[in-house]
Amino acid sequence: MRKERKKASVSLSPQTVFAIKTCIYLALACFSGLSLWSFQHNQPYTQNWIGLLGWSLSSFLLYNFGVAAFLIPLYFGFLSFLNMKKTPAPLAFRKAVAFGTVPVCCAILLSMVSPAQNLPQFLATRVPMVVMDLQPPKAYLGGIPFYLLYDGNSFSLKLLIGAVGTGLIFLAILLCAICYLIPKSFVLKKKALLDALLKFLKNKSYACWSACKKLLKNLVNNKSYCPEPSLRVPAPSSFAKKEVLKLPTPVISLPLENKDLHDGDSSNRTIFLSPPHPAKRTLAPQKKPDLPDLLQKRTSSTPIPSSSPSPFIVAGEAPDLPQYHLLSKRNIRRPESLLEELKKKAAILQQTLASFGIDASIGNICSGPTLAAFEVLPNTGVKVQKIKALENDIALNLQASSIRIIAPIPGKAAVGIEIPNPDPQPVNFRDLLEDYQKGTQRLQVPLLLGKKANGDNFWTDLATMPHLIIAGTTGSGKSVCINTIVMSLIMTSPPTDVKLVIVDPKKVELTGYSQLPHMLTPVITESKEAHSALIWLVREMELRYEILRFLGLRNIQSFNSRTRNVDIEASYDKEIPEKMPFIVGIIDELSDLLLSSSHDIETPIVRLAQMARAVGIHLILATQRPSRDVITGLIKANFPSRIAFKVANKVNSQIIIDEPGAENLMGNGDMLVVSPGSFAPLRVQGAYICDDDINKVIKDLCSRFPCKYVIPSFDTYDDSSSMDPESLDPLFNQAKTLVLQTGNASTTFLQRKLKIGYARAASIIDQLEEARIVGPSEGAKPRQILVQLSNQED
């Protein structure tokens, strides 16, 4: 048999092809660049660095492109760069065409310039000098062909679309080509700087517009407003001198108690006059209670401070609230490598799932202040529970301290995996407040809490929650969250709309808010005062319900928006206020209060949680120990909204948010928020505000609004009347007198003195303890007498 020789086919690898092209384009770039640089008209070709070939190539390029010929070496260098990066062929072709339009457009734009004279030495010896009916010869900056294309005899762009049209068209093509060639990373870097500049200009324009708007309001509402102290009257032409007529300055006598608001000469200040405020009518006489309630205290003799207009405020216009400019600003910059790092994490995540036999792809990638979230799209047949079981393995491969798996994401065919952000950034409270004040959305009782995992702002309305429980260990961000909530209320609502009752058993966290004009009473630090405050809130709730029932209204919103009927309201035995403010009760360290008097604290809390929503009374409870003896079944059932910071174990997480997950949080403001109607807890990074900003806001509010407590102190508040008189024993008052006179509060003592049985005497002792006349039982020790005889009726 004849053997046939097989010739081995020679084929080059793609890497070799790219390397050859790169070398060719780089050689052409160097060849053309050196020949153009060493070319001159008045020198022989022997002086050119590339010799005759270089001199001829330079003459050709300069004759056809003029000054734009110096872009040709850059064009070849760009082609070499594309091949060096192994750019795909379609993309490389588009970029090559885009770069090729640059010298063409430059040549046409340069041809629009008249043939130039007196060029620099470098250009005069290189640009073509041709005699075209011009004496002496002149240089054509864009080359002879492009000059003829622009301003030729038979056909020209100047004749077809004019000089302006030619310039606009080719300038637009040039800019489009340059924009297409600019790398995306460079655009993103400059975009951050441009966004910062635009935000600065927007803030300044907003401030200017607010000042102009306020000035226009002053001009409209005050007819006597005069922006200048004097008025110049033009004199007739016969007058030799012009006279200036000055308006007399009115002298206003201020009350003595308001003179401390002014310093310096008051005659130089502009004072807006308001019409006299009519005295508020007392609708019906009433008896003075032991301690006036919030609604009963609003009489003509003691009006709410903010209801009477200040002589320095335009009539009909409420004082402004503190703006976000008062808070400190932090510049937060994201590193450019964050997106690339998250893409690498996504690739590792997909490989990890594939190694465990889970076929899935990665969808959207969201990056927030401290979290990064990945959407995993499992293929058909993959069990979601199988992904959730790999939580520890995924955390190991991603090198994450902790992860959280949402399986599945509500409303999506995907599984969410949240990991710590490689470059965490704090959330500044000023940014939230700025976005809220500039936005159009307005909430009744706004809480600006922080930002979601995707970077969006998160705020909610306490009026719809309607009560809130906050739980977390020490250092998890619970106290900062409470400060953020208080700052949200006082910087978005005036004292006439929101009132606060704050209980702080630690005595150091929240006592600085005592001077706020929003406070009904100074910050409460004792458990006895806390119980009295809760009893007062229950009475206030009952009083508001009585008023709503009398007027036939359903809630506080309909009451505040009603049209007042003076005749009907005057027939009620108590004065009906014009407006009911929202009341927010904030209790920190609930577990400490429950340890001291569990039944006394829990009962009014449950009553308020069950009934107080419609009348605008809301509770916010905070605790470090979310155990079942603190968050009882009754409290948990009436608090549908909860915030869980990092807790100790899964049991505590199950108690606070009904599922595990809070034990894996990162701390420092990382929280899970459960709201009514939500399908799953929402991951939020809490906002941070420093103590200096809090002090500045409190000082600013105290200078704007007077602080007048409705209840100066709960130390002397008698809450025994909170018990139903019908449920008291007929011998209750007699037993109370005996106990206070003798100082003996024992069951056997009441049996002997009142000649009753043991069961009835023990019941009376329990009623005295509930009325906080005697203390709880201490075993063999006698009960403590909590009320002095001088404060009781004989």
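Each residue, glycine too, has its Cβ placed from N, Cα and C.
Noted in Swiss-Prot for the protein shown:
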TRANSMEM  17-37  transmembrane segment
TRANSMEM  59-79  transmembrane segment
TRANSMEM  96-116  transmembrane segment
TRANSMEM  129-149  transmembrane segment
TRANSMEM  159-179  transmembrane segment
TOPO_DOM  180-794  topological domain 'Cytoplasmic'
REGION    265-311  region 'Disordered'
COMPBIAS  299-311  compositional bias 'Low complexity'
DOMAIN    455-654  domain 'FtsK'
BINDING   Gly475, Ser476, Gly477, Lys478, Ser479, Val480  ATP binding site
Non-local residues, at least 6 beyond the ends, that sit with Cβ under 8 Å of the transmembrane segment (59-79): 21, 25-26, 28-30, 32-33, 36, 39, 95-96, 99-100, 102-104, 106-107, 110-111, 123, 126-128, 140-146
Local Cβ density at Gly477 (ATP binding site) - other Cβ atoms counted within 10 Å: 26
Fewest Cβ neighbours within 10 Å, where candidates are the binding-site residues Ser476, Ser479: Ser479
Overall pLDDT of the domain 'FtsK' (455-654), taken as the mean: 90
In the chain carrying Val480 (ATP binding site), residues 6 or more apart in sequence that have Cβ under 8 angstroms from it: Gly669, Gly686, Tyr688, Ile689
Listed in sequence order, residues with CB under 8 A of Gly475 (ATP binding site) and six or more positions away: Gly667, Asn668
For Lys478 (ATP binding site), nearby residues of its own chain (Cβ under 8 Å, 6 or more apart in sequence): Ile470, Ala471, Gly472, Ala622, Gln624, Phe645
